[in-house]
Ligand SMILES: Nc1nc2c(ncn2[C@@H]2O[C@H](COP(=O)(O)OP(=O)(O)OP(=O)(O)O)[C@@H](O)[C@H]2O)c(=O)[nH]1
Ligand SMILES: [K+]
Ligand SMILES: [Mg+2]
């Protein structure tokens, strides 16, 4: 669904709410159906022009679609969702066309030739839904994640966020902090009236402390949400000729990496994404680790070490029958080429042959088990770096409230109020209550058109 230049000639303008927008909402290419969406004040005009009389709201009607010259474009099911009870909060229509690029291209061309109607920017439908208050930003992000989800665990995480779990938690903290801020501001207003301040600041501080603790434990999640979104990295490492590239090819089911009997074959870092029991993983093949004076090989080994240090799991390979170099701590030890020797592997090692496939199922089971142990039972709330940074800012502001200034705050409630405002603002950035424009720009630019 990403922007396809072939579809239409674009009347490209910078996004602003006034225009009526249209886009192909389904993937381009041959299919049984294609859905075009239209949103904005000119939606009814567009429907009348293409489909004749307006259909009953929310009811599918079978219509013949015509362009401005009266040429029949398609026979389609059309539906109108009048504002404000629509996904975008505006008049919104869907045209369910016959699939095929010719039909949707002709309909899109007819629509965009009408005055006041243009092709939507990436994510613009969802952006309008956010601006209309139909979704908060975390839910909008969840829609993007749901569309992008490649594995079961990613899908589940996106569905949970779309259900509003993160947004609700943030909203709850924000409300409570606003309550605390109101107490501090009341204290500022009434500070000349005896010792009423103590009664107001105490509960405000208690609230800030309690929320800071909750945010702390939310942040302390091993970055599972982000890892599930991006995929776990599993690095295949070990001495030259251990069979790393052969194992990568075997696990990927295709010939990704060059294999040869010469040690030092792999230099670049190679990545393959795959689905391991519903977990998204990126398998990474690296250069064999050894002392080398050859500059390109040394660079490859440097890159291998860098990837190992950031990996969620390292598989340390050594060929059966060969002395194994010291494996990095925490690595899963794998004996390769088991077909060449009959000796059984030592304890704590998994024995495989990428040639015969022996032991590979056990290896995959072990990898999955180790990654699941990372994930834990508790689903993570934070799914993006953006959320994490905002929560860290909030925590920092609350730390100032709670610790450094507990004493000073009693003398300077203005500072306390400012820190609380900072904390509230940081939370608002997550759900889109604050600084919406710039955040929206960044988020929706990664969406595809028609969403
Ligand atoms: N018999 C047998 N040979 C294997 C197996 N796995 C790899 N080999 C052979 O071992 C040699 C080295 O394999 P590679 O996959 O290139 O090893 P590597 O660890 O990627 O090597 P570098 O990239 O040079 O570090 C090749 O000749 C492979 O055919 C195996 O399971 N059984
Ligand atoms: K090799
Ligand atoms: Mg290799």
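Backbone N, Cα and C define each Cβ position, glycine as well.
Per TrEMBL, (6S)-5-formyl-5,6,7,8-tetrahydrofolate binding site is recorded for 37, 94, 134, 451. For 241-246, 260-266, 285-288, the entry in TrEMBL reads GTP binding site. Feature annotation from TrEMBL assigns Mg(2+) binding site to 245, 266. Annotation comment: TrEMBL describes 231-372 as domain 'TrmE-type G'.
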Site with most surrounding Cβ atoms, counting all protein chains shown within 10 Å, from the binding-site residues 244, 451: 244
Distance, residue 451 ((6S)-5-formyl-5,6,7,8-tetrahydrofolate binding site) to residue 241 (GTP binding site) (CA atoms, angstrom): 48
Span of the (6S)-5-formyl-5,6,7,8-tetrahydrofolate site, taken as the largest CA to CA distance across 37, 94, 134, 451 (Å, rounded to a whole number): 18
Residue among the binding-site residues 37, 94, 241, 263, 287 whose Cβ has the most other Cβ atoms within 10 Å: 287
Annotated binding-site residues 37, 94, 244, 245, 451, filtered by Cβ under 6 Å to ligand 1: 244, 245
Nonlocal neighbours by CB distance (under 8 Å) for residue 245 (Mg(2+) binding site), same chain, sequence gap 6 or more: 257, 258, 259, 265, 266, 270, 285
Least buried by Cβ count (within 10 Å) of the binding-site residues 260, 266: 260
Contacting binding-site residues, sequence order - 37, 94, 241, 260, 451 vs ligand 2, Cβ under 6 Å: 241, 260
For residue 260 (GTP binding site), the one of 37, 94, 134, 451 that lies nearest, given that the binding-site residues are compared by Cα: 451
Proximal residue to residue 263 (GTP binding site) among binding-site residues 37, 94, 134, 451 (C-alpha distance): 451
Residue 245 (Mg(2+) binding site): secondary structure state under DSSP, collapsed to three categories: helix
Among 37, 94, 134, 451, which are recorded as binding-site residues, the nearest neighbour of residue 287 (GTP binding site) by Cα: 451
Of 37, 244, 245, 266, 451, binding-site residues neighbouring ligand 3, Cβ under 6 A: 244, 245, 266
